[in-house]
Amino acid sequence: MATVQPALKMDLLKKQSAHEIPRIDLSKIDNVPYFIEKEFIRDIDDDFVYEEVPVEDFYENENEENFDLAISKLDDGSKDKLTVATPPRADLHVIPETTDDFIRNFLVKLNLLKTLNAFQNEWYEHVQSGKLKADETGTVPDIYAKNQQLTDQVKFLQLEVDRFKKAAEKAKEEYVKMKKERDYHRMHHNRVAQEKNKLITDLKRLKLHYETYEPLLKNMKDKYEGAIRDKIVNQLERDRAMAELGAIKSNENMSPKEKIDKKELGPTQKRLLDYRNGEKLLKEEMSKKKPEEPFIKNRHPKDSEFPPETGLNPYLNRLKEDAHNLTSIRLSQTIQAHNLPISSIAIHPRKMIAVTTSDDKTWKMWTIPDGQMIMRGDGHTDWVSGCDFHPNGKMLATSSGDSTVKIWNFEKQKCMHTFTDHLQAVWDVSWHSCGNFLVSASRDNTAKVWDLNSLRCRYTLRGHADAVNSVEFLHFSNIVLTGSADKTISLWDARTGLVAHTFYGHMNSVNHATFNLRGDTLASCDSMGIVKLWDVRKIAVTESHDFGPYSANSVAFNPLSTMIVVASDDGSLKSFNIQSQQLTPLAAHEDAVNCVNFDLNGSYILSGGCDNTLRVWS
């Protein structure tokens, strides 16, 4: 036994390494679970005689190390680790439904409760009495259950079909909508592309057209420079001739003795004759030349003469006595004047009367501040844009979108004359203080001076590059003020039709420009709400204020020139004190305010707007 035991141990270790049994900590072997397996040993039917092995030979001390026992314990631990507990699984068995349960479920499903009660009563009576046999009350055939399942499935699928139909209809509507939007954007894109191509063609054509002007301009420039040189040469020759003529005159005034003493200065008879002939010719030319006068084209026998400028304004004397300075302003009267927006307001020069014009093609006369209508005028075929009283207060001039200017006589209550020379809509009119001339501003980029005696256009004021939005005569002067959409303000001499000065500073279209009563300050407003005050003598901006971002449509000075009121597109009036620099908004109109004006004494402010109302402030 002593010689066999080591060999057995080595053999077991080789088997252990061959099967790769995991190593186990022998100190913790007691905590490792183990399992007892039942083994069956077959009886071998052979003639071998088995002898009993004595137990004493295999007795081992418990304290002695037992290698076989350790190996067996290791085998048990490896089996424990290899054994995995599997979760239990439930088997599902479909039990066929009995006949009575099927009928009950069917009746409950259809909510046939009375029939269900009758069925149960009769069913249980037959069961108690034994009339029902076991084979007659079996389970429901499988076909009925399948039919029921198929019916439920059909209903479910029908609901799904309805849901998908609704989704398909919605998707179809979205598709049609997207298709329409696609067609719209495609058409818009084609239109923009056509406009772009047209603009490119026009630009190329204009470029070629302007290129043809370059040689012409160069030729004209050369001619101009040549004319300037000729002019300078002629001036030099004229000065020399005048000097020679002066020498001849001084020689003629000499006494005979002086002529003899200064022989070196005395001319010969032939040269003296030539000088005398030249002097005679020069006198004839000077006599033929007329004094310079303003250029008048095709003068009419009935043409009026412009009055001389005396520099006196009689309104200033009246101003010192009657002028009123508004300190607190409030709304005192609201007049529903027209059916459409009011475009302008004019004040009578002597009475508390005002005239309003409107887009409804009419003008109306009102008493101030009562608001009683006195007269109404119809005759224009389009909106009436502006009006102004004649200095004597007996006539009215109106301008209209029908490109005409009409003169109305209050005594005869009719239109006396219509001027039709403008090519586009007329925006504004203004009378000269003498009453013989009228000036109008038009969208055709011009202003025209009309003669009321000869009933014709005396001058056309050309120079603005865009529509002329406002026009005004300076009181008792021949100076005309215009404001234009080309962002400039110009002063014109009505006697010659020439521009005297142009004011630059606005960055947007000038909607209105006006003089103060003294005539030394201008106020102008533009389409972004900028209001500027200009010094006429310095030809410079004195103040600039931003009342935007809404458009400033009209501006007016009070008679004392201490305050301006601006009509704004935001539906309010903006009263600005020039001395204290205080701004007071006056809100009452429900829509944009188009025009504003003071009465004669500055006691009332009149405003008209797109809400068709005339409002009186005091």
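Every residue, even glycine, has its Cβ placed from backbone N, Cα and C.
The feature coiled coil, as given by TrEMBL for the ranges 42-76, 147-181, 567-601, sits at 147-181. Looking only at the repeat 'WD' (503-544), the predicted model's pLDDT averages out at 93. Across the repeat 'WD' (503-544), the DSSP tally of helix, strand and coil residues reads 0 helix, 25 strand, 17 coil.
Counting only same-chain residues 6+ beyond the ends of the repeat 'WD' (335-376), those with a CB under 8 A from a CB of the stretch are 382-389, 391-393, 396, 398, 400, 408, 410, 413, 428, 591-592, 594-600, 604, 606-616, 618. Under 8 Å from some Cβ of the repeat 'WD' (377-418) lie the Cβ atoms of residues 340, 343-344, 346-351, 355, 357-364, 424-435, 438, 440-442, 450, 452, 455, all in the same chain and six or more residues away from its ends.
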